Structures are given as C-alpha cells and as structure tokens.
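Engineer: Once you've had a glance at the structure underneath, I'll fire off some questions.
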Amino acid sequence: MKSPIRIAVTGATGQICYNLLYRIAAGDMLGKDQPVILQLHDITEAQSAFDGIVMELYDCAFPLLTEVVTTDNPEVAFENADIALLVGARPRGENMERKDLLAANSPIFISQGKALNTSAKRNVKVLVVGNPANTNAYITLKNAPDIDPANFSAMLRLDHNRALSQVALKLQMPVSDVKRIIVWGNHSSTQFPDLSHALVGNDKVTSLITDTAWVNNHFIPVVQKRGAAIIEARHGKSSAASAANAIINHMQDWIFGTRENDWVSMGVPSNGCYGIPSGVIYSFPVTCREGQYTIVENLVTSQSDQARMQQSYQELIAEQEAIKHLLT
Ligand code: NAD
Ligand code: LMR
C-alpha cells in the first residue's frame, strides 16, 4: 500500500469543491491505488457547512480516503501538504470583470502564500483556481519565497478543454483525437485560444477548418467568453463540474505526464519565451514528465498571433500593477 498523499483544498465548502472532493477521494486524480488525506479549508463562517460534506465523504466509503481534516486556519490546512488546490475566493457575479475581484481576493492569496511557506512540503505543487487565477497565483508565489516558483500554477485547463471540445464538435471527431491546442495568456477574455499548431491525427486542424470566419467569429470568442456564458446560463453561478474536472486533468498531467505528441495549457511563471517577460504567470503550452513541466518553446507564431499574446500579457501587467503595493 502506498503512503497517503496530503491534498489541501481551500474554498472546500464551495460549489467547485462539491464536484471535486468526491472525485479526488475516489482516485480520479492520483489513481486507484493512491490513498489520500484531504485537508480542507474554508472561512470561519463556512465551518458548519463542512458537517454535511464530511458525512457524505465518509458515507461513500472510499477505500482510498485515509483522513479528512477541516479547518479555518490555512497553516493547518497546508501542513505537510504535497498538493494545494487554492479554489477559495469570491466568485465573479454577473456584470463583474475579473479585475473587479482583485481587491477582494488579494488578501486571501497573500495570507495563503505565507501559510504555504510556513507549513507545506517544500515540493508542494500549487494550483490556483480562484479568480483572477493568474494574478492570484502570482500573489501566492510572491508570498512563499521558500518554495520554488516552478511549483506554482494557475488554471487554464478549463479554457484548454473548452477549446478542444469546440474543435471536436466542429469536425465531428472524438475530442481525444484533437491535440496541440494552445490557450495563451490570462484566464480572462483576453486569453488567446490558438489553433495554428493543433492536430487531428496527423492532419493540421487549419487544413481541416479553412473557414477563418468560424475561427475568428465563433471559436475564439466562444472560448474566451465561455466562463461568462456559463455564469449567465446558471443564473449567476460559475462553472463548477467542468472546473472540478479541469483541476483533476491539470494535476494528473502535471504529476503523471502529458500524452505523447501532445501538450496542455498551464499558467506558469514565464521564462521570457515568446516575448513574454519573465515572472508573470502566463498560460503556455507545456509538456510534463516526472512531475515537472517544460514550456514548449520555439513554435512559430504569426505577427497577428503575437499581438493577441501581447494583449493578454498587458492585461496581466495591469493586474500586477494594481496589487503591487500589497506585495511589499
Ligand atoms: P463558491 O462561491 O461556491 O465557493 C467559494 C468558496 O471560497 C466558498 O466556500 C467561500 O467560503 C470561500 N471563501 C470566500 N472567501 C474566502 C477567504 N477569504 N478565504 C478562503 N476562502 C474563502 O465558488 P466556486 O464556484 O467554488 O468558485 C471558486 C473560485 O473559482 C471563484 O473565484 C471562481 O471565479 C473560480 N473559478 C475559476 C475557474 C478557472 O478556470 N480558473 C473556473 C471556475 C471558477
Ligand atoms: C470560468 O472560466 O468558468 C470561470 O473562471 C468564470 C468566473 O469568472 O468565475
């Protein structure tokens, strides 16, 4: 029997986590032979909501679920954590832009960065989901100076999965046949879903979809604005089942590796490639092996694609500027 892996999850009484915790405990993220300890965090006011969640976790009789901890103290939640899923934040409501959330959410990620630095394992893998996810990941990383920046990521996997599905639907092909999609940049409407390197089997997607109007007027805006469309369709609630699924996909690929001849999109600290200055948490195509990701570099990008990539970078820089005074 393997020893259990400690998974800290924040915002654990929220709607994403109601779709996430049971799948983690069932082995969907780390495998059917990997015991897990769930270390669940939420704010003090939300503690009573843990009662039902924990009862249901035990009522599932998951063979892999070794222990469940609930707390309102981030240092307790992150203690010796191998994995930290930072989901807790105020969700974006209708007519709210992500940057409106910056002021409300920055203090959460400052204190959680500090708590990770104090109590998590030094090789903890951190995924920030709470919006605005890229800048929240940046804030967390800056407040955890003793943990390698390469261990921090922001979730763009939901955008990546949305892009895969749009192409599969258009071509009437199984989604698993679509590879090498990229979503560049920020998890916001400035992100750039890019088909120029995508493949279906050995065929370039751009040779199968020659209708550039579909790409520019349907594919790109649908993926960019899908989060807002879901909020409208769900009467103010943001995506939860698909977000939970994307968390599982992101962590699974990071830990166990990406598919042959494929890559995924992850928000990670830039190393300066593609004209995106170092440090900013930006979504790039990455391959993963043995628990490490590598940015796929030297892909040829057109001038118009570079302009879109820069636009998302500029938004991230503006977000960083807005919280700069909080990081000193
Ligand atoms: P939710 O409102 O159901 O849950 C949010 C949780 O965060 C609640 O349990 C709440 O108590 C907790 N919380 C609030 N303030 C907190 C604080 N100060 N410290 C710690 N926890 C706090 O929201 P949800 O639908 O589960 O979404 C969670 C976050 O994920 C939101 O920010 C949402 O915008 C974001 N999201 C991101 C993606 C992505 O692809 N990156 C996709 C969907 C949703
Ligand atoms: C999503 O992409 O579904 C969410 O990030 C939307 C949001 O703003 O909560």
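Cβ atoms are placed via backbone N, Cα and C, with glycine included.
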Engineer: Quick check on the annotation: TrEMBL has GLY11, ALA12, THR13, GLY14, GLN15, ILE16, CYS17, ASN105, GLN112, VAL129, GLY130, ASN131 binding NAD(+), so which of ASP42, ASP72, ASP82, ASP159 does it put in that site too?
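Structural biologist: Within the candidate list, TrEMBL flags ASP42.
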Engineer: Could you count the residues of the domain 'Lactate/malate dehydrogenase N-terminal' (6-148) that DSSP puts in helix, in strand and in coil?
Structural biologist: 61 helix, 26 strand, 56 coil
Engineer: For the binding-site residues GLY11, CYS17, ASN131, which sit with their CB under 6 angstroms from an atom of ligand 2?
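Structural biologist: List returned for ligand 2: ASN131.
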Engineer: Cβ under 6 Å from ligand 1: which of the recorded positions ASN105, ARG162, HIS187 qualify?
Structural biologist: HIS187
Engineer: What is the interatomic distance between the Cα atoms of ASN131 (NAD(+) binding site) and ARG162 (substrate binding site), given in whole Å?
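Structural biologist: Their Cα atoms are separated by 18 Å.
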Engineer: Taking 10 A as the limit, how many CB atoms besides its own sit near the CB of GLY11 (NAD(+) binding site)?
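Structural biologist: I count 24 other Cβ atoms within 10 Å of it.
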Engineer: Find, for the listed binding-site residues GLN15, ASN105, ASN131, the residue with the lowest Cβ contact count at a 10 Å cut-off, counting only other Cβ atoms.
Structural biologist: GLN15
Engineer: Across the listed NAD(+)-binding residues, GLY11, ALA12, THR13, GLY14, GLN15, ILE16, CYS17, ASP42, ASN105, GLN112, VAL129, GLY130, ASN131, what is the farthest Cα to Cα distance, given in whole Å?
Structural biologist: 20
